[in-house]
């Protein structure tokens, strides 16, 4: 009998292969599933898998099977009469397959996703009369990283040092970190294994030469990862500790004796903030009429002893710095003319020019009129000259003498008394 069974096995295998071949004229029966499914480490994930059967097509599904590439045996099977069976019953579950129902949905849920679960899986439908249909799905296991950024507080060193730190912890795959800044600088990025197996922690340092100019400025850490819908931006406010930088303001180079008051301000920029201001002169203490009020020096009134070099010394936790200002007091207040504004001077000059132009026009018309009157009188004068003669009765009589004749004859004058 055993020999009979052994002889029957080849015939049985041929029969099974024949049953698995689709008969001629049957429509396309296909399995639908995404090529890749992402899942997060420690969470559950569903591998979708559906059988699409054309209308009016008679298809009988006898079994659903899931297998992983590179491993022998099946990880999950659902038989039409025997129900489900799993290689890990606590981690695997068919989502929709039920006894007594049509087996069209082979979707499989996996719980407690592990790094080693990443790989290629095959979903297979055993159908009749079409035969077996399958599709491959790649399961991508991700770990969403936690991101932080913090400032590295530094002092003036004159050398490049880390001034900001950005960390992306426990990512799978490793996160990508970049920096954005207008201050220059360069990144230094490193990776170490994360707390969970298969994860990576990425640390990036922003390196720059510290100075007072970058204190309080911002740099941005940009973190990109497959699990993010958009990059995460983390802003870091830089901190540089430095001693005071001091200057004195308020002197306009126009102080004079007897001026009611004047004020100077000691401008200091430092980190940490200044803790003290001290005013003095190069000759020693301040004169009595100069009163220090913190960052300000009130001078009331302005007198000759203030005609010196003033010193403001500022202190903070890192040291002390000072600034000097030389004051020269004038004998008297500015003249009134010095107070005339530029606009007033411009209007005054324009007024004088207009007056001179009008005066010139008036003189021109006056002389023009006089010249015309002189010419008119000359036109009325006769061409002959009159000569006076005395009459017999003692009266003087005049006779006209031609100018032409007067040139050849001497004038004759008669007179009787």
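Cβ atoms are placed via backbone N, Cα and C, with glycine included.
Among the ranges 358-362, 363-367, 368-372, the stretch that Swiss-Prot annotates as region 'DYNLT1 binding' is 368-372.
Checked against Swiss-Prot, the range among 384-389, 390-395, 396-401 recorded as motif 'ITIM motif' is 396-401. DSSP assigns residue 312 (disulfide bond) to a strand in the three-state reduction.
Under DSSP, the residues of the region 'DYNLT1 binding' (368-372) split into helix, strand and coil as follows: 5 helix, 0 strand, 0 coil. If you measure from the Cα atom of residue 123 (disulfide bond) to that of residue 221 (disulfide bond), you get 43 Å. With helix defined as DSSP H, G or I and strand as E or B, the domain 'Ig-like V-type' (24-139) counts 3 helix, 57 strand, 56 coil. Long-range neighbours of residue 49 (disulfide bond) (same chain, six or more residues apart, CB within less than 8 Å of its CB): 31, 32, 33, 105, 106, 107, 108, 123, 135, 137. Taking the Cβ of residue 312 (disulfide bond) as reference, residues of its chain lying under 8 Å away and at least six apart in sequence are, in sequence order, 246, 248, 264, 266, 277, 278, 279, 297, 322, 323, 325.
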